[in-house]
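Enquirer: Straight out of TrEMBL:
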- Glu181: active site, proton donor (ACT_SITE)
- Glu287: active site, nucleophile (ACT_SITE)
- His119, Trp186, Tyr253: substrate binding site (BINDING)
- 26-356: domain 'GH26' (DOMAIN)
Amino acid sequence: MKNKLVIFSLVAGMLMGCNSQKKEMSESKSLYETLKATQQKGILLGHQDDLAYGQHWKYVDGESDVKRVSGDYPAVFGWDLGGLERGDAVNLDSVPFDVMRQLVVKAGLMGGVNTFSWHPYSVVTGENAWFTDSTVVEHILPNGDFHSEFVKELDLIADFLLSLKNADGNPIEFVFRPWHEMNGAWFWWGSKTTTPEEYKQLFRFTVDYLKNKKGLSNMLICYSPNGGYKTKEEYMVWYPGDDMVDMLGVDIYEWPGMENWVENTQQNLSVMIEVAKEKNKPAAFTETGCENLPDSTWFTQKLYQAMEPDSISSNISYVLLWRNDPKKHHFFSYDGHPSEADAKQFTSKPDIWLLEDFNSNK
């Protein structure tokens, strides 16, 4: 087992006086450079909502299900902005945005990478991201009848992201994955109700508005379709353009009934990596997991095997596991779970990096 540094620091104390030897990436290398360099040496482990709640706790400073199992925090911290566009106080998973802001800043001060997904409610129907019984995207594009309302939503997103600053008042760099899994049929911006051209317009307007109109120069934009494609051409069907994308990703879960998951995942990752190399962009395994972990050896026998070939492991910067919600589901192990020993073995692999591994190799 690699030595892991366990970090216990109050959010307030860290915000007021982080004069430690560790430096945030914005103070040394850019996040882009860091991710490019990291993927040649190790795979950063990420976990959604890791600092906010876990299987047996909620909003306890210093807690983390990853740390409980492995002895250290993840190196990548995932968050979701769904609900912010409506002015809600909490996101779609009930995390207060004020708390999220504190935890994002804390993760940055610890030396970690923050990444944001966004499952927005529809400004047209008022329904959540999974409601696909009516078209939305055509109505929120420029000249659409709900475009002005959509712009107001982007203003709320921008206000929150612009508020993410370190103790010195400098913006925290982060990854933003707007309009993910578009090649699936389960989101209102996806293939069921949206054409590739409409999607590209939506993506381009969103990124251009946030970066150029609102001044969010501290974010890396990630294009992350769902898996299931076979070729580079299929991966690129929804691609909005090199000028709008900083890094490439893919979301691949193992759901019941899937066959040959390791081999299929390797194939999907390899295609994504080939495109990333051609475009000289960082690559990541942006979402994955096996809901509730019915396979107690899933981490070493499925996930690690899928990433183990050198052509894959040396070309992805991070892998993000979805969240542990005790009321709904979990995607990382926790203390007492049958998969705990396997998760420990997985996180002790030399090329799977937790927070201290990451900080020691910057």
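Even glycines carry a Cβ here, placed using N, Cα and C.
These figures come from a predicted structure and were not determined experimentally.
Describe the structural context of each listed feature in the structure shown, including burial, neighbouring residues and relevant distances.
Expert: The local packing around Glu181 (active site, proton donor), expressed as other Cβ atoms within 10 Å of its Cβ over all shown chains, amounts to 24.
Long-range Cβ proximity for Glu287 (active site, nucleophile), meaning a same-chain Cβ under 8 A and a gap of 6 or more residues, is found for Ser117, His180, Ser224, Gly249, Asp251, Ile252, Tyr253, Leu320, Trp322. Under the three-state DSSP scheme, Glu287 (active site, nucleophile) falls in the strand class.
Here Trp186 (substrate binding site) comes close to Trp130, Thr132, Lys192: these same-chain residues lie at least six apart in sequence, with C-beta atoms under 8 angstroms from its C-beta.
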Enquirer: Across all the protein chains here, work out how many other Cβ atoms are within 10 Å of the Cβ of His119 (substrate binding site).
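Expert: Cβ-Cβ neighbours of His119 (substrate binding site) within 10 Å number 19.
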Enquirer: Using the CB centroid of His119, Trp186, Tyr253 as the substrate site centre, which other residues of the same chain sit with their CB within 8 A?
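Expert: What remains near the Cβ centre is Ala129, Trp130, Glu181, Gly184, Phe187, Asn226, Asp251.
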Enquirer: Would you mind reading off the Cα separation of Glu181 (active site, proton donor) from His119 (substrate binding site), to the nearest angstrom?
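Expert: His119 (substrate binding site) has its Cα 11 Å from the Cα of Glu181 (active site, proton donor).
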Enquirer: When you measure from the Cβ of Tyr253 (substrate binding site), how many other Cβ atoms are you left with inside 10 Å?
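Expert: Around Tyr253 (substrate binding site), other Cβ atoms within 10 Å: 17.
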Enquirer: Mean pLDDT for the domain 'GH26' (26-356), rounded to an integer?
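Expert: That region's mean pLDDT is 98.
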